[in-house]
Structures are given as C-alpha cells and as structure tokens.
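Report on the structure given below.
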Amino acid sequence: MTDTQAGTTTQTQVVIYTDGACKGNPGPGGWGVLLAMGDTEKELFGGEPVTTNNRMEMTAVIEALAALKRPCRVTLYLDSEYVRKGITEWIHGWKARGWRTAAKAPVKNVDLWQRLDALVTSSGHKIDWRWVKGHNGDPGNERADALANQGVERALGRR
C-alpha cells in the first residue's frame with residue numbers, strides 16, 4: 001500500500017484496532033481486527049479451541065500486521081498493556097537475556113513474541129502503538145471486540 005505523489009513514494013496511513021477474547025483462561029478464544037485505510041475497511045477474525053486471552057491479543061496484532069502487504073504508517077490501537085509494553089519495552093531485555101525474564105524464567109508466549117518481533121522489525125512499517133481502554137465506548141475497539149467474540153464462536157464450532 002503506497003501512494004505516489006510528485007514522483008516520491010510515501011507510506012500509506014493505516015489505522016488498526018485489535019482485540020482478543022477468551023471464555024475461560026485458558027479456554028476457547030478469539031481474536032479480531034479492524035483495518036481502516038481512508039474510507040476502506042477490512043475485518044478479520046479467528047479463534048482457537050484452547051488458548052489464553054494474552055495469546056489472542058497477540059494473535060490479533062500479528063494477523064493485522066501480516067495482512068499489510070507493503071510497508072505502511074500504522075496507528076495501532078489495542079487494549080492490552082501486555083502486548084503494548086511487551087513489544088515496545090520488555091522485548092529488548094527478553095532478547096538480550098535469550099528470551100528470559102528479569103527473574104530468569106522463560107518468557108511466556110515466546111513463539112508469538114518471536115513472530116511479532118519478526119513482523120515489526122522486518123516489515124518496514126512505522127507503528128505508533130496506542131493503548132485504548134477496553135469496553136469504554138471507543139467505536140473501533142468495540143468493533144474489534146465484537147470480531148474477537150465472533151472468533152470465539154467459530155472456535156466453539158458455532159460459526
């Protein structure tokens with residue numbers, strides 16, 4: 001997704017809302033994504049029969065970024081401080097310690113953290129990570145939440 005203006009290439013601005021949901025933790029879970037580029041929107045969702053809320057929050061972000069086919073300027077709204085702080089703050093120490101926490105314990109969800117890290121570092125996206133309070137009336141977050149719940153229903157075999 002690039003725009004060419006006067007012979008120069010600029011990155012397209014994309015707004016993304018992500019959310020994860022889990023019925024039981026662990027239990028059946030879902031993830032939802034709302035991507036918006038100008039007036040164009042795309043919705044994505046999926047689920048797993050046995051997972052955790054944090055894994056679904058991470059999967060939503062991974063699926064959102066993987067859906068972008070070219071480097072973009074991304075404003076990514078998420079209601080998970082675990083994911084936002086993990087990718088912007090904690091990951092540097094984890095990598096330096098061989099994917100271990102400061103307490104020397106293995107990082108939870110390391111498979112997803114490594115996938116997310118690879119997407120963020122190799123994609124060329126410029127990402128502005130913005131936390132939004134969940135279930136507080138933000139229209140984009142509410143839509144991502146509804147999509148995540150559709151993912152739960154799919155994981156349960158109801159969709």
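Including glycine, each Cβ sits where the backbone N, Cα and C put it.
The Mg(2+) 2 binding site feature in Swiss-Prot is assigned to D19, D145. What Swiss-Prot lists as Mg(2+) 1 binding site is D19, E57, D79, and the listing cites sequence analysis. According to Swiss-Prot, the feature domain 'RNase H type-1' maps to 10-153.
The binding-site residues listed here are E57, D79, D145; among them, E57 has the most other Cβ atoms within 10 Å of its own Cβ. Look at D145 (Mg(2+) 2 binding site): DSSP puts it in a helix.
Per-residue confidence over the domain 'RNase H type-1' (10-153) averages out at a pLDDT of 97. Across the domain 'RNase H type-1' (10-153), DSSP assigns 58 helix, 51 strand, 35 coil. Within 8 Å of the Cβ centroid of the Mg(2+) 1 site, not counting the listed residues D19, E57, D79, the chain contributes T18, G20, M56, A60, L78, S80, V83, G134, N141, A144, D145, A148.
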